[in-house]
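As given in TrEMBL:
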type	residues	note
BINDING	K70, V71, K72, T181, N288, F289, R290, K308	ATP binding site
DISULFID	C119-C160	disulfide bond
CARBOHYD	N179	N-linked glycosylation site
DISULFID	C212-C222	disulfide bond
DISULFID	C256-C265	disulfide bond
TRANSMEM	331-353	transmembrane segment
Amino acid sequence: MMKQRSFCTSLWQCYFEYSTPKILVIRSFKVGTLNRFTQALVIAYIIGYVCVLKKGYQDTDTVLSSVTTKVKGIALTNTSDLGLRIWDVADYVIPPQEENSFFVLTNLIITLNQTQSRCPELVLKFTSELTPKSPPSGVQTGKCVNYSADVKTCEVWAWCPLEMDAEPPVPPMLGDAENFTVLIKNSIRYPKFNFNKRNILPHVNTSYLEHCVFNRITDPDCPIFRLKDMVTEAEEDFQTMAVHGGVMGVQISWECNLDMPSSWCVPKYTFRRLDNKDPVNNVAPGYNFRFAKYYKNGDNQETRTLIKGFGIRFDVMVFGQAGKFNIVPTLVNIGAGLALLGLVTVVCDWIVLTCMTKKNLYMEQKYSYVDDFQLLSSETP
């Protein structure tokens, strides 16, 4: 019974305890040096990292963007199938417009004068027992016909003659595409700050655009890029990449400090290859697709030219962040800094009371107790 009453009394007194900080001034070279060094680290972090590097005094907004492109260039080819031919932008940019990207044809395999008729399936589609190795090129008629004097295959109803499954030409047919140029027009907006800009900067005029090509040293503000230069900056060879095609990334970065003049907010361009070119895992390399051009001959029969096109797709990716002074994040980061300074005292107290040789003396001076319950008991007659 007495133990239970003592426990309740202790619990009651603990509930009404109140702790208040006590200032203990320790004149010690070691403790003082540790305290000032730790404070200096915290202040350097607040000023150097939070305020200067991360601009913690600013409110931020992410970029909204739109991109349009215009490719220009002429290529000349001379082949046994097509003869001497000129290729312009209507021939090699497929489709004419894409969202935030454009494709340039660099190589092709052409199958001329296809008509819907019956013809033997390709030998490579079958094993020696005439078992299909891949989906047929057309609808099988059920007949077995001569593919050559010694080989027979299944007859199919398809666009004949069938496309030959061959490797693309080396060097690429449209290797001259390396000298094509593209005008990239990029408009950006930071809605929170009502800030708009485009990559054709105010000092760029029509006469300048007629002859400029992007160069990091001489023309860093020119929005016209030579395709070969873009691929070269990605540490790739254009002629090698043009054989099977690939995917390139054009990255436009808008990192803007709106506390500074708007002329300081300019785009930065980087280029890199996006598709996989691993020499070990090289199944289905590059980038290609098929398309056809249809027409009718003199007998009013529909014919087509099938083109397996290889080329480079350029994906334009825009990203960025703008910052501007705002009192709210400023006060938040100042408050966080003051809280960190308060931790300095906690760290120093822990070191003094656990590691110093005079820790017992410091602890006696640091902590003392005033028990009103005992005082009241002693004052009671």
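Using N, Cα and C of the backbone, Cβ positions are placed for all residues, glycine too.
Put simply, F289 (ATP binding site) is 23 Å from the residue listed as 'N-linked glycosylation site' when counted between their Cα atoms. Ranking the disulfide-bonded residues C119, C160, C222, C256, C265 by the distance of their Cα atoms from the Cα of T181 (ATP binding site) places C222 first. Here the candidates are the recorded positions K72, C222, N288, K308. The one whose C-alpha lies nearest to that of C119 (disulfide bond) is K308.
K70 (ATP binding site) has C222 as its nearest neighbour among the disulfide-bonded residues C160, C222, C256, C265, going by CA to CA distance. The Cβ of C212 (disulfide bond) has 16 other Cβ atoms within 10 Å, all protein chains considered. Considering only the binding-site residues R290, K308, the Cβ with the fewest other Cβ atoms within 10 Å is that of R290. Taking every pair among K70, V71, K72, T181, N288, F289, R290, K308, the residues listed as contacting ATP, the largest Cα to Cα separation comes to 24 Å. Checked against C160 (disulfide bond) by C-alpha proximity, the binding-site residues V71, K72, R290 yield R290 as the nearest. In this structure, the CA atom of C265 (disulfide bond) is 43 Å away from the CA atom of K308 (ATP binding site). Less than 8 angstroms from the CB of F289 (ATP binding site) sit K308, G309, each of them six or more residues away in the same chain.
Annotation: no disulfide-bonded residues among C212, C222, C256 have CA atoms within 10 angstroms of the CA of N288 (ATP binding site).
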